[in-house]
Amino acid sequence: MKAFRKMELSERSVLICELPRKSFSCWFGTLSVEKNEPEPPATYETAIVACGFGKFHYMLLLGLIPMCAAQLFSSGSVGLALPSAQCDLQLEDFQKGALNGATYLGNLMSGLVWGGVSDVFGRRNIIVLCFLADFLVSLACGFATSYEVLLVLKVLAGVIIAGPNSVLFAYLAEVNDNEHRSMSIMMNGMGFAFAQILQPVLAYFLLPLTFRLELVPGVMELTSWRVFFLACAVPSLVSGLMFIALPESPKFLMSKGRHEDALRAFERIYATNTGCDPATYPIKSLDICVAPILDGKKPNSLQRAVAQFSPLFRKPFLARMLLLVALQVNIMICINSLRLWTPQLFAMLEQFEVGSWQGKPEASNTCQMISAVLDRPVDSAFGVNGTVAAEAAARTAVDRAVGPCEVVSGDVYLRSVLVGAVGTTSFVFTGWASKRFGNRPLMLGSFPLAMVTSVGMLWAVDSDMFTGLLAVFTPLTAVGLTSLSAILVDLFPTSLRGVSVSVALICGRAASLSGNLILPVLLNISCDALFIFITVCLAVCSVLVWFVPKKKDVDL
């Protein structure tokens with residue numbers, strides 16, 4: 001028992017009992033007990049604010065570069081590799097389109113699943129598993145020996161990489177306080193912009209190489225496009241290993257009742273940010289009144305899904321949702337279809353200009369150059385070349401589809417770097433312009449201008465002019481898509497924002513898949529049809545955007 005000490009105060013004797021964490025004041029004649037009440041349990045937001053913003057968050061933001069690269073490389077690697085790989089794999093145009101769209105098919109198959117799975121097994125665990133699995137699948141792509149094998153692997157890669165696509169946003173939101181949450185999401189967009197430059201830079205250094213190393217005699221040779229696929233797997237490995245060292249989302253742990261684990265996660269973030277001992281973290285208990293992220297008993301309940309999505313397809317949100325989905329579908333067809341096909345188009349224009357086609361009549365626009373390279377008749381309003389038609393008939397269908405087997409110049413990928421670099425400016429411009437003018441006016445301007453640019457690409461007289469117009473087209477469409485995403489959030493109440501974004505993403509991925517299958521069909525029918533199709537999609541966007549309600553007119 002602790003000793004008592006006696007104090008004289010105002011002619012009264014006071015006995016203080018020194019006990020751990022408590023003190024009692026005993027007055028002669030009366031007895032009062034004074035107790036130092038413990039700190040009340042902290043809410044999630046209070047706990048994450050107490051962690052501060054520092055080294056942990058800077059490391060995480062730096063890690064967004066390989067994470068975003070892994071996600072972008074998964075869908076973009078095929079488009080860049082096709083000009084070099086088409087001969088080894090004997091690819092026809094439709095097969096190229098199928099390979100370009102395979103990742104989006106995988107995204108569609110698993111996009112809605114990963115969110116529920118991460119609500120059961122944890123954010124960090126799913127992200128680590130998906131990145132490491134994507135690394136293995138990407139390695140396997142480098143050793144694919146046929147179109148069928150590569151197609152299956154790219155679909156599988158799409159299934160896997162949809163995990164980080166869905167879960168990474170949640171993790172970023174849950175390890176940042178309210179003040180820095182939106183900034184972390186914006187930095188995620190900047191990571192994608194940087195990756196959009198990094199991948200064609202990688203292609204520029206690797207794909208023009210001409211070495212051939214026989215791995216399996218008569219079956220497989222190590223070539224530049226295979227090395228490119230192997231290099232594109234590295235960001236997934238780096239991201240997976242990095243996330244192993246990070247803590248689980250503390251909000252997820254709190255939602256599961258694992259409050260000691262959640263407290264340890266907060267302490268790790270605090271210690272990394274401040275350099276202090278984790279024991280000095282000021283929060284000692286957490287509020288148990290945190291709504292679970294998911295029931296856990298029925299993570300994929302059909303009833304739950306219907307309850308979440310059904311309000312979108314009833315008044316007053318149905319017309320609004322259909323309008324925004326129509327805009328999302330058309331703009332995603334333009335962006336992702338053309339983005340994945342531009343290396344192929346650059347390669348065709350480059351082949352025409354290097355002198356391989358000097359025997360052909362002089363071409364006056366993009367499609368005449370492409371048709372000459374493919375040895376197809378220019379059966380459009382711009383004339384029919386009988387010589388080209390006769391030569392095309394003399395070749396087999398597969399030969400015509402595969403095209404000439406020549407070493408792809410590094411200039412093809414340098415042009416992709418230029419387009420990607422200009423495209424990154426849209427992220428900076430959109431942030432400023434949306435505050436200055438608003439998102440709806442940005443779409444009213446960007447869609448018609450992009451439409452005019454797409455017409456200009458058809459009439460480009462050389463590859464330099466085509467590249468310049470594409471470098472204008474890319475940021476214009478990116479501004480339109482970014483503004484559409486912001487409007488999508490503004491036009492729905494908080495309870496429906498998550499599901500409205502999910503519906504838009506699903507429709508956008510379906511559009512990307514469809515566009516990559518449609519474009520090679522149009523290219524085989526008529527090159528002009530490809531650019532007319534893109535122009536029509538943008539014309540539809542230019543008209544529909546006038547029906548998008550202004551935010552001030554929307555009752556949420």
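Each Cβ is built from the backbone N, Cα and C atoms, and glycine gets one as well.
Marked as domain 'Major facilitator superfamily (MFS) profile' by TrEMBL: 47-553.
Marked as transmembrane segment by TrEMBL: 58-82 (among others). Tertiary neighbourhood of the transmembrane segment (58-82): same-chain residues 91, 96, 99-100, 102-104, 131, 134, 138, 141, 150, 154, 157-158, 161, 164-165, 168, 172, 175, 184, 187-188, 190-192, 194-196, 198-200, 203, 207, 225, 228-229, 232, 235-236, 238-239, 242, 246, 272, 336, 339-344, 413, 416, selected by CB-CB distance under 8 Å and a gap of 6+ residues from either end.
Residues or ranges marked as transmembrane segment by TrEMBL: 102-121 (among others).
Positions annotated as transmembrane segment by TrEMBL: 126-145 (among others).
Here TrEMBL flags 151-173 (among others) as transmembrane segment.
For 185-207 (among others), the entry in TrEMBL reads transmembrane segment.
Look at TrEMBL and you will find 227-246 (among others) tagged as transmembrane segment.
Positions annotated as transmembrane segment by TrEMBL: 317-338 (among others).
The feature transmembrane segment is assigned by TrEMBL to 412-430 (among others).
According to TrEMBL, the transmembrane segment annotation covers 442-461 (among others). Under 8 Å from some Cβ of the transmembrane segment (442-461) lie the Cβ atoms of residues 331, 334, 364-367, 430, 433-434, 469-470, 472-473, 476-477, 479-480, 483-484, 487, 528, 531-532, 534-535, 538-539, 541-542, 545-546, 548, all in the same chain and six or more residues away from its ends.
Residues 189, 324, 327-328, 331-332, 334-335, 338-339, 342, 346, 415, 418-420, 422-423, 425-427, 429-430, 433-434, 439-440, 442-443, 446-447, 449-450, 453-454, 456-457, 460, 497, 500-501, 504, 538, 541, 548, 551 of the same chain sit 6 or more residues outside the transmembrane segment (467-489) yet have a Cβ under 8 Å from a Cβ within it. Marked as transmembrane segment by TrEMBL: 467-489 (among others).
Annotation comment: TrEMBL describes 501-523 (among others) as transmembrane segment. Residues of the same chain lying 6 or more positions beyond the ends of the transmembrane segment (501-523) and with a Cβ under 8 Å from any Cβ of it are 93-94, 96-98, 100-101, 104-105, 107-108, 111-112, 309, 312, 321, 324-325, 328-330, 332-334, 336-338, 340-341, 370, 485, 488-489, 529-530, 533.
According to TrEMBL, the feature transmembrane segment maps to 529-548 (among others).
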Beyond the flanks of the transmembrane segment (317-338) by at least 6 residues, Cβ under 8 Å: 75, 100, 104, 311, 447, 450, 454, 470, 473, 477-478, 480-481, 484, 487-488, 491-492, 496, 500, 503-504, 507-512, 514-516, 518-519, 534, 537-538, 540-541, 544-545, 547-549
Residue numbers, six or more beyond the limits of the transmembrane segment (151-173), whose CB comes under 8 Å of its CB atoms: 60, 67, 70-71, 74-75, 78, 95, 98-99, 102-111, 114-115, 117-118, 123-124, 126-127, 129-131, 133-134, 137-138, 140-141, 144, 181, 184-185, 188, 239, 249
Proximity verdict for the transmembrane segment (185-207) and the transmembrane segment (412-430), three or more C-beta pairs under 8 Å: yes
Recorded stretch, among 227-246, 412-430, 529-548, maximising Cβ pairs under 8 Å relative to the transmembrane segment (126-145): 227-246
Integer mean pLDDT for the domain 'Major facilitator superfamily (MFS) profile' (47-553): 82
